[in-house]
Structures are given as C-alpha cells and as structure tokens.
Amino acid sequence: MIFTRLELKNFKSHKSSVIDFSNGINIILGENGAGKSSIFEAISFALFKQHDGKINNLINSNISNKHNSSNNSMSVSLDFNVNGNNYRVIRKRTETKSNSELFFVENVYETKINSKNTFKEISKDNFKEISKDNFNDNYKENASQKNENKTKLVSGEKEVNSEIERILTMDAELFLNAIYIKQGEIADLITKTPAEKKKLIAKLLGIESLENAWKNSNHLLNVYESKKERLKALVETGSKLDKRLKDLNLSLKALNIEESDISDEIKKVDMLFKEKTEKIEVLENKKKTFNELRIKEENEIKNLKSILKDKEILKKQLNQIEENEKKIKDLKTNVEKLPIYESFLESQQKVEKLFFEKNNLISEKNAVEKYQSIVDENKQIFKEYTLLENELKSLINEKNEIEGDLKVLSEIHSQKEELGKEIKNDSEKIINFFKILKEKVFSLYDNETEDFEKLSRFFVSKTQELNMEKNEFQKTIETIQGRVASYNEKIKNSNEGIEDLNTFDNECPLCLSSITDEKKENLINSYNEVIKKNNQLLKSDNKYIASLKLQMKEVEDKISDLESIKPQIPIYSSLKEKIKESIIKSKKFEAEISLLDIKNRKQLELITKIDKKEKRFQEIKKPYENYAKSKGALEALPKLNVLKNQEKQFKRQIDKEVSYLKEENLNDSFLKLNVKEELLLEKINLYKNSKEYYNKLLGAIESKKSLIKQLEDKEKEIFKKETYINQLNENLKENGFNEEEFEKNKLSYENTRERLNQLNGNLKELIGKKTVTIENIEDLSQQLGEFEENKNEFSYTNEFLVILKDIRTLFSKDGVQKDLRNRSKPIIEKNTNSFFEDFNFPYSSLKLDDDFDISVIGSNGETNLSMVSGGEKIAIALALRLAITESLSSNNMETILLDEPTIHLDQYRRKELIEILRGMNKIPQIIIVTHDEELETAADVIFKVEKTQGISKVKIQDNIF
C-alpha cells in the first residue's frame, strides 16, 4: 500500500487540511500540540474507523458555527494505491450519524514524486520523468491536480472495513501493527529486558491475541463447568418427583371439599346481608333529611339575628342626622363672613407692598442723580487716561521685544562657549580612539590615517577571515568529539558487560544460560581488550582536541578584539563630522553677538520714557476709576424720567386700596385700617374651620332619605325570616328520626358484613392454595417430561468441556503461540539481515535466539548487543522492526509510519538514526511525525503543521527542493 492523499475537514484541530504524500521520506514536522499526531489518527480512522476517545470528540467544536450547519460535521478522505490500483475511502460524521464509502479510482492524469527524487507524470498514452531542478512553482501548483473516474465499491461502516481488509489481505489490527511504528518502539527494542522485548514482538506479530484468547477461554470453561454441575443436580433429583406428585393430588381433593362447604354458607349470609342493607339505606336517608332541616333552621335563626342588629344601627344613624340639621343653622353666619375677611387681608397686604416698592424707587432715583453728577465732572480725565494707557502698552511691548533679543543673544554667547568645549572634547576622544587602535589592531592593519571608511572595510574582511578559520577548528573538534563519544560508549558497554558477568555466577547475564569459567574469563578479557584499545584512542584524541582548542582560543581573542572595537567606528566617524559642523556653527554665533551693544542702548531709552508716563498714569487713575464706576452704574439702572413716572403710578394704586379698606370698616367694626394681621388671620382660620364642619354636616344629612328606605326594607325581611323558621320547625316534627333505633340497626348490619367478608376471604385463600397446588402438579409433570432431556444435555456438556480444554491447551504458550514464534523467527531473521546489510556496518550477519534477542557476527566472531556502539544498536533495532513489518506484509512492504522515532534517544543516537533513515531505499514510502527539526536533513518532502487560534494548518516546505 502507498498513501497518496489525505483530506481533513473539521477533524479535531484541522479545519481544512490537504496532504499530498509522495514516495520517499515524508516528514510531518510541528511543535507538540500543533495537530501532527492527528494526521496518523485520521489515517487509522479512514482505513478502519479506529480512533482514541469518543467519536464525537473528533468533530472540532471550536470550528462549529450555529449559523452554518456544514460545520457541525467532519470528514476524512484517504487515497491509497494497492498493487497498482487506486482507491479512495471517505468517512463522514455528524453529531448523530456516520457515513462510510469506498471507491475504485481510475486516474487519467496524476503527478507523484518517486524514490529517485524525480516527479512522474502518468497518463494513458505517455510516461515521462521531470527532475527536481525543473520542478518550478507553477508545476508544483498543478502537481496534485488530476482527472479521475470514480466507481463506488461499497458503503456502510462494516462493509467498507471488510472490503479494505480483503484488498490488503490482512485484518485491521495486523495491518496497523505492521506499518505503524509507535513512539519509543525503536528505543524499546534496544533498552527493554529480553522478557519485555519478547512480549513487545509477540504483540506486533499478533501472538498476544492468542494469549488473550487463552486467558479469556478460562471464563468460558468455568461457565460450562457450572452448567455441568447444575444438570448433574437436576438428574439426581428426577427420581423423587413421582412420590411428590401423588401427595399433591390428595391435597387437591381435600381442598375441593372444603371449597364447596364455604360456598354454601356464603349464599345464606349474603341473603341476610342484602335485607339489612335495604333497611339501613332507608334509615340513612331519613337521617340525612333530618340533619339538612336542622342545619337550615340554625342558619336562618343566625341570619335573623344579623338583620335585627342592622335595623338598630340604621335607627341610630337617622337620629344623628336630625341632630346635624340643627348644628348647620348655627354655623351659617360664620361661613358667610369668610370671603369678606379674606378679601380685606389681601388688600391690606397689597398696600404694605406698594409702600415698600415706592420707597425703593425713591432710593434708586437718588442714586441715578448722584452717578450722573460724577460722570459730568470727570469726562476729560477719562479721555487723557485712555490715550496714556495705549501709549504705555506700545512702549512696554517694544521694551519686551528688545529684552527677548538680549536674552537670545546672551544664550548664543553661552552656546558658543559650550560649543568650543565640545569641539575640544570630541577631538580628544578621536585621538584616544586611535591610540587604542594602535595598541590592539594596528598589528593587523597597515594604514594609520584617520580614514574611517577604509578602517570599516578592513574590520569586515578581517572578521570574516578569522570566523572561517574558527569554523574550520570547530568542525575538526566536533568530528573528533564524535569519535570520542563512540569510544566512551564502547568502554561503557564493556564495563557493564564485565559487571554483569561478575554479578551472575556461571550464567549468561543476557539469556541466563549456563557458561563455563573459561568462557566467562574469555568474555571478560575481550571486554578489557576493547576498553584498553578505546582508552588509548581516547587519550590521543583528547590531547589533539586540547591543542585545537588553544589555537581556536587565539583566533577567538582576535575576533573578540575586532568585535569590541568595530561598533565604535561609525560612532567616531560621526563624531568627526560633528566637529566640522560645530566649527561652522561657532563662526555664525560670532556675527550675531556683535548686535548686543546696540540693543542695550535702545533698552535704556525706553525705560526712561515708560517711567515718565507711568507717573502721570498713576496721578489720574482714581478719578478715572470713579468715572468708570459711575458710568457702569448708570448703564445698569433705569433712566431718571422712567423712575419719576413709576413713582406717580405707585401713589395712585395706594390711594385706591386705602379707599376700599375704609369702605369695609363701615360694614364691620372689627375691620379697621390698622387692625393687626395676626388677629385678622386668627378670625379667618376660625371661619375656615366652621366652613369645613358646615360642609361635612351637609354631606351627612344628604343620606337621610336612603336610611329611611333601608329601615323599611329591614322590617319586611324580618317578617319573611320568622315565617320561614316556623315552617322548618313543623317539617322537623313530621320527619320522626330516632338516633337510638338507627345505631342499633347499623351495628347489626356491620356484624353481618364482617361475617360475609370473612367467608369470602377464607374462600379466596382456599382458591389460592388450590391454584398453587395445581401449578405444582403441572410443574412436576413437566419436570418429569424434561428429565430425559436433562440427562442428554448433561452428556453433551461433558463432551464439549473435553473439546474446550483441548482448544485452550492448543492456544497456550507451548501450543500455537510457540509454533508461530518458531515459524516467524527465521523469516524475521532473514528480513532483519536484509535491511541491516544496507546500513554498511562491519558485520557479515546477525542472529536471533528464541527470545528474539540479537547477536551480530563480524570478523571477531559473534558479539552480543551490549558490545556494539550506540549507532549500531539503533541500526539493529530499526532493521528488526522493519523486518517484523516486512514479515507481516508477506514481503510486500511499501510504506511505514514512524511516530516520533527519535524520542527517548540521546543526541548521538538521534544523529545515527537520521543518517540511517537518509540512506534507506528499500521502502518506497516512509511517513514520519516528529517535532525534531534535525530529521529535516533526511526528508524528501516536509509538511509543516502549525496551530493558530486553535486551528491546525498544514503547508509544504518548498526550500528542500
């Protein structure tokens, strides 16, 4: 199988991702959590609908939009090729349903990258290859486009799964074990104990499922053992059933006789109960009528009392109204005086207000006359003051301008002095800079002139030259350090081997088989020989590294000197230009400073003029202020003739109001012109209270006619009630109900009913016993019929248990599991050797023991895994894992998926694995998910996965071409 294209929509964090896989090594690179592992999960989901967690969690809820129903679903589409045939599987999922479809795809045109790093353009009529150098951007853009004809093969989840397993000729679990190399698997094949490695390989080969079947069959065995024991007990109890059946038939006969006797008695008691029931019903109806009449009589008597009470209340209210009519006549005089007194008070208050306003008007008229006199006296002073104020403002402005000029000229003088100091300091800095250059750099630089441009070019070229020399030293040191790491690894492995041999007495520490003392000593000697040889090489290389580091330190010191001075060159170059500009600026300052004396003389003349005019200005300031204040007051106050007219109007209004007050005094002696306001208010309040009470009494007497009418109605209602109560009393006497007679008949009725219920209960209990007895008889009859069937089933169960035990023995570790391991070992060993040969290590072959532990055979004979280097271990583990994949795929392996293959590996082993992957060419397609950017160097194509705001995006990295 070769994967060609994967499309994801709303799958986990992928909103819309498309990946066009190619032959060779495909690297899927991204940070942890970016969404790269979701791509492998999507492949597994597309092929066999296998996934982690709940299926609805595959739909990206962060992308879902309530206004766009298409976002509430996800889909995965995977294109793959098997034996030259192209297929496409599409899986879709909404929140409530799933859809699966498999298509056969006939491509008219397609473009793919092959293992030779060229692109094949395939059509029905031609075939050509295009090199990577000619693969321009336009061709890349159209490389994934294709015309195709699709034919649906099957639809439905189970149907699609079955058809894909048929196409691949293996089931889902075996296929995924074959092509999918999980995180840490390669490292586990190196670091795990023999027992753990054996378990891991058994799981990959599918042997683990046989072990699980062996374990699970024990439960089935227990189920059938329990069934056997149950059937055995049934067979043993079958002989006792006949005697039990006879006893039950006798019991049934006795129950039938007892049932007949009870039924006869029930008939007699039931007739008596019916007679007593009819009698008690008549008495209860009579009692019911008696109680209803008595309740009505009590209610009517209660209503009559309430009506009599209402009649008394109405009488009292009518008496009160007659008393109120007398009071109204007494209050009428006071009520008529109220408007006269209120009008008199209003006129009196108006007169007082008019006198107050008239006095204010006279005061205002006097003030206007005073202000007008002041204005007339100071009119000339106002004109002189205004003219003098304008002249002073003009002179002061001129004086301020000259003072500003003088201040600027003074600052220019100070700036000129500061500029001279700066020129001197900057010149000294440049001189000191070149002194430092002479000490540190001029041994490398033969030009001592102050040409900063030439000096800058020299620093750039010299720094580049020294960095190249340093890099050469660094590369040489890293190469030797790689050899040193290899020596240390071999020394470490040999020491561990010696330690393990000393720990185990006469046992191999790897396979725990017995070894002789001689064999043990030979192994220790071989380990010591390796340690000695590698220590010598280590000492030599470490000495060489130390020498190289000293030489590189000298170069780094020179670079450091250059780097420390280089940033200062543009600074001092700018400083030189600044000095030139400062000299020009200083000459301009000298020309401007010559104007200083002229400005000083002009300033003295203006000060004299200002002092003279300021003196006169102060002399006339107070008369001017009096004029301005009076002029402003006149503008705010009314005109004099207006005030005089208003004074006449006030007099006329006062005379009118006084005339009215005198007239009212003639009608009422209390209403005098000089009566106090508080006495007048006291009278008014008294009359107001009288009016309120008067109005209240008028409202009360309006209901007199209504009360008389209500009183008459009550008299009629009382007569009707008394008549109805007398009638109810007569009806009670005619009823003739007797409570003692009723209770006596009721007791007799209850006793008869209780006896009837008791007899019915006894009959029901008897029928229940009879029913149970009949059911037991029927059950026993059926059990006797089933007795032979139980005997036969017991025999069949015994035979099935024998077969089930034989199958369980067959599935055990010493059965089919062992046979599968024995059969697969030589195939895996052969395939492991085939892969290992391509890695160009100095070994002729390798061997697998029964526990799949590996040893290599070289020029020095057979060596176990602990004796080889870290890089060789990685190559052996990878070859073994690929061999398992090749064996599971019947030597038809076209693709493998590697999930974080460098995890758990140290830096040296990671580099070795990358070198091995870079040189692999037996497998047409390798897809690797990783966060390790070092793997980029082994890639034919790189897909970058990045997550932004919770959404993963996939893009191809073009620069590898």
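Yeah, the Cβs are placed from backbone N, Cα and C, and that goes for glycine too.
Unlike curated entries, TrEMBL annotations are predicted automatically.
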Using TrEMBL as the reference, determine which range in 378-412, 588-622, 833-867 is annotated coiled coil.
378-412
Minimum Cβ neighbour count within 10 Å among the binding-site residues Ser37, Gln183: which residue?
Gln183
Intrachain C-beta neighbours of Lys12 (ATP binding site), sequence separation six or more, cut-off 8 angstroms
Gly35, Ser38, Glu41, Ala42, Asn57, Leu58, Asn60, Ser952
By the 10 Å Cβ-neighbour count, the most surrounded of the binding-site residues Gly33, Gly35 is Gly35
Counting by DSSP secondary structure, give me helix, strand and coil numbers for the domain 'ATPase AAA-type core' (827-935).
49 helix, 26 strand, 34 coil
Given the coiled coil (378-412), its same-chain partners at Cβ distance under 8 Å and 6+ residues beyond its ends are 589, 592-593, 595-596, 599-600, 602-603, 606-607, 609-610, 613-614, 616-617, 620-621, 623-624, 626-628
List, in sequence order, the same-chain residues at least six positions removed whose CB sits under 8 Å from that of Glu872 (ATP binding site)?
Phe841, Tyr843, Val856
Can you check which residues sit near Val868 (ATP binding site), meaning Cβ under 8 Å from its Cβ, same chain, 6 or more apart in sequence, and list them in order?
Asn493, Val856, Ile876
